[in-house]
Every structure is written in structure tokens, then in C-alpha cells.
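Below: one structure, written as C-alpha cells.
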């Protein structure tokens, strides 16, 4: 296929798609140019069905530093593991694409997005999402798209689609919404305490804008789209399914209704093992035993799936016996740990998170050097999910995509209520340790984070709580669930996380397993989430009503002084010699910004005070008219040099020593003598002249005798 180009304008910027020139061996490939951002997307599919029990979709978002005219950092000067932003963007693209493949599709699919040029005012992630959908849509991969996504901002009561960098910085909302022509299927948002009505309107505005992008994709597919390949879907043997359902459905139904998680898991596992043992023995000599046992496992999963959904939609019974809008039992604790700067333990049913606060000097901020201009990040929220939290063994190592994503969601929810750096000049790190999990652990980490911040004396604007909403839908009827647990998340159609204060929403995240959800479902879910959020805030505020007025004794204290910008080099010294000497003497940490703000951190107030004295002395300047208690340091024929303070000296000229004539300076002064002097002049080179006689009353002039005349 020869190169073909398609052009439109979207949100005020040119959107150009090129097909047929590059990556022609992929199943589908596009080059998307949005503004001056360029993203190459290639989609490929394996020829055979994978053996696992899940759909192996991999989406990558690769940031090439040359795209922004930068050299990669580090010794190797080569791109390494994806940045946090790249990982989050890959997840952002994966989530709306995944539901658009058929049930039972098991061929491995990879969608690789490579940023070739970067324009900070034209969203490369949105170009990559568009390119991912289009590459799949024009390929022979059986993808039920297209989908598209947009960013939505909110400034002065107006919604802005795909805002530029300056607009996003001024926006009260940072929303990414994706979906198909029919419905929304992915949401990711941070917001400055906006109401449910505004958030819902933003979602609908975003979905409206998506229609334009989907129509553009459909035009392109009509011209260059390939015929979809016929692939084998995972389908179980119908006779085998009927046999197992008839024999064991009643037993499995009973097991599913056991309320306690571990007991329920044991009961369902016992039924499954009994079924597997029977059929493994029955077909032991069959050459297709592996396929049969795979079908048995899939049938049992489908039976459990169907029963959980039936109980909720028909009987209005949840696996743990709760009502549809009921929250699990809550518990909140502060000061769980000694010595640390703040800690909070939050428990919701069988989900429990411990959050630990650490405060540090601003020098500890994280430097982010990606495609965007380098910046410093002063608030970090890290989320850890050890396998023991679900009673299992597993891999331990660096944080995976899920942990990075959950940490970022908590960070987005909490950063909206943090004080400004002017009010609270600290780097803040929260670490959430999930100790138990039965669903909604990311939201538990937000609640625990609020407790830790308030216990640690961080003056947040308001406490934040989070809740996860679920959905069971048969296409016609639906049920929205409050505070979903693991089983409801696994077998349900939606995981809709909502975090916020009493004033409004600070973060949203929605993932679904169906093609999309309607505005009515969104509105109902937001309303139920608000009610639940207020219930959780009641528990948090009963534990700790407001941030403590003081930091923990172990937290670094801070004091700030202002110096002239031209004195920064004096405090730092050649090669950092002066500031290193101060730190070595006092044991403090010192940060100096480009505007001359000097922040001094230490748990010892005396050390802070001593450091302030030293710095004040270093930057102190002599002023004309001021009097100093000086020390004579050198004597010359023409006068004496005196030290006013620290490294500032002055010349007392011989004529400025006394009102009477001084013949020899050494007759009047000696080295080491203390004298009071007044500064009388500072020249353009900074040289200081001082006077001793200016502090002495001038003697009266002698009266002239009258001459007698003869």
C-alpha cells in the first residue's frame, strides 16, 4: 500500500494521519501528527491463541528523548526503563482498548507507541491513544473499535478540549475521558474539589468531542482498512458445560454465598477441586485431556461469575451479605508508628492500608526529566501491594504498572488539598503499604494518607476519602454497587473510583469490562459515591478532626531567611565550600532557591538559630551612617584598617581618627584594639571608609584674639 494522508483539525490544532509509508510489516501502523507532536503506532497480533486464561494485550508508550531535542540522562546516555509518566500513559491507552475485544479472544496483541517528536502544547498521549485505536481498526486484528480519547480542562466556568500547557496549569480540572461512539469506557481525572454535576458535565462534553475523532477514524478505515482475520475464540464444549452445570451448580451456588472471604474461597475451591478430580479421572486416557481440563476450569469460572451476578441483580444479595449501597465496617487509627513523621492505619472490611509520612527539605524533591521541560516534584505518593495482603506467595521486586497506577491515583486525590510551598516548604512523601486486600485498596490508601498527613501536622485544606463503585449490568437492567470487594470487582462490569472532600471531587478513575456505560449510570454512581464518601469522612474526622498544629518531634523544623540574589554566591562559596562548612558545623540542611530564599532544616532549633547567624553575617553589608564596634587589624602610615564584621573591613583614614592632627597612627591605635567607628562612604567598588572622629563631638574652635592698634 502506498502512502496515504488524511487531514483534519481538532481542538484548534491540525491532526494529520499517514498510513502506508512506515512499519508496513505490522498488522496495522499509523503516523499521527497532532500539532507538532508525532507518534508512530504499530499493532501486531500472534498467529495462534495463547495458552493462558486471560487476554494477553500489551500496550507500550515509548518516550524517545530525541523527540524533545534532549540527551538521555545517566551514564549510558540511552533510554532505559519507561518513566512513571510513560507507564501511566501506557495504562491510559490500554484501559479503553481492552474491553473492545471479543470475549474469549486469546491471541497476543501488542500496540507499540513511539513518540518521535514532542510538542508540549499538543498532547502526545492523546495522539498515541488515537493512533492505537486507528492502527488496530485498519489492521486485520479483530478489534471492535474505534475508540478515542480527549483531555478536558475547566477554566472560568468553561470546558476546554485538549487544553495547551498554559491552560492546563490554570485549569481546575485535568480529565482524560475515552470511549466508543456509543458510550464512555475509561476515565482518569484530578480536580480541585469540583461538584458531581460539573464532573458529569465534563465527562459528557468529553464524550461529545470524542465523536469527531471516531468519525475521522471511520473515514480512514473505509479507505485503507483491511478485512478482519478469522481467529479462534476460547469456547468450551457445550455438552461438557451442560453436564457440569447440572451436577454441580447448586453446590457452587451455596459456596458462593458464604459471607467471609477466606471461608468462601475455601468453599468454592473445594467444589472446583472435586469437579476437576472427577473429570480428570474420567478422561485420563483421552488425548485431549489438557483441552478438556482447560474447559472444566473455564466452565467453573463462568458458573461462579453467573451466580455472583444473579445474586446481586435478582436477589439483591451481595457475596458478603451487604446491601447494595452499604459500606463495609470502617476503622481509622493515627500514630500507629513511633518515630516517623506521621502515620495512619485505615481498615475497610478486609482491606487495610498503612500510610507513612516523611517530610524532608526541598532539596529532596524529585527531578523529573522527561520529554517535557525538567521540573521538580515535591509530593510523592507510593503504593506497595505485597502478596501477603491476599494470603499468597508471589514475586517481589520493583513496582509494577498496577502499583505505579494506584500510587498516581492516590497522589492525584491528595495533592489537591496540600498547602502551597510558601505555606509549607517541605518535600512530602507518603508510602501506602497494603496490609490486607479484598478490593478497593487504592481508595484505602487515600484514606490512610489523609490520616497520616493530619497526624503529621501537614496543614491540608480538608480531609480526603475515596470509595470504589461497581456495576452489574445485563445490557438492559443494572445495579450500581457501593464499596466493591474483590469478588465483585472480578466478576463485575465496572470499577469506578471516586475520591474527594466534603466540598467536591479531587480524583476519578473508571475502568470497565463492557463496551461502555451511559450518563444515567455515571450520574447514579457519582451520587452513591458522594453519600459513601461522607460516611467515611465522618469516621476519619472522629479520629482526628483537623491537622495537628505542630509537626512531629522527629520531623525537620524549618526556618527561612531572605538574602539578596547577588549574595547567593557568597553563601555557597567557591565550589560549595562555604555552605558545606556551615552544614558541617551546624548539622543542618540548607536549600537556596534562585530568588534568594534560604530554607534551613533541622530537628534542633539551636542549630537553626546558629545557621541563621552565620548566614546573616556572610550577607551583611555595611551601610553609610551605621555605627560598628570594630577591631583594628592593620596599621598603615595613612590610616588603620578595621574589621566591621565577618569579612567586611573598612579604612579609617589618618584624618578620621581624631579632630586634632594625628602624626603617627601607631601612637593612637594598635592591632587588636576594639574601636567604635561610623561608616561615612562606600565607593562603587564596595570599598568602605569609616571614621572614629565622627562619633566624637567636634571641639569648639579657639576664639581669635583682637589685635590692638596704636
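Even glycines carry a Cβ here, placed using N, Cα and C.
Summarising the annotation, Swiss-Prot assigns Mg(2+) binding site to 489, 495 and lists sequence analysis as the type of evidence. DSSP assigns residue 495 (Mg(2+) binding site) to a strand in the three-state reduction. In sequence order, 468, 469, 470, 484, 489, 509, 510, 511, 512 make up the list of same-chain residues 6 or more apart from residue 495 (Mg(2+) binding site) whose Cβ falls under 8 Å from its Cβ.
Taken from Swiss-Prot, the feature compositional bias 'Basic and acidic residues' covers 700-710.
In the domain 'KH' (556-615), the DSSP tally of helix, strand and coil residues is 32 helix, 16 strand, 12 coil. According to Swiss-Prot, the domain 'KH' annotation covers 556-615.
Summarising the annotation, Swiss-Prot assigns domain 'S1 motif' to 625-693.
Swiss-Prot lists 691-710 with the feature region 'Disordered'.
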Residue 489 (Mg(2+) binding site) CB neighbourhood, other CB atoms within 10 A: 18
Tally of residues which DSSP labels helix, strand or coil - the domain 'S1 motif' (625-693): 8 helix, 36 strand, 25 coil
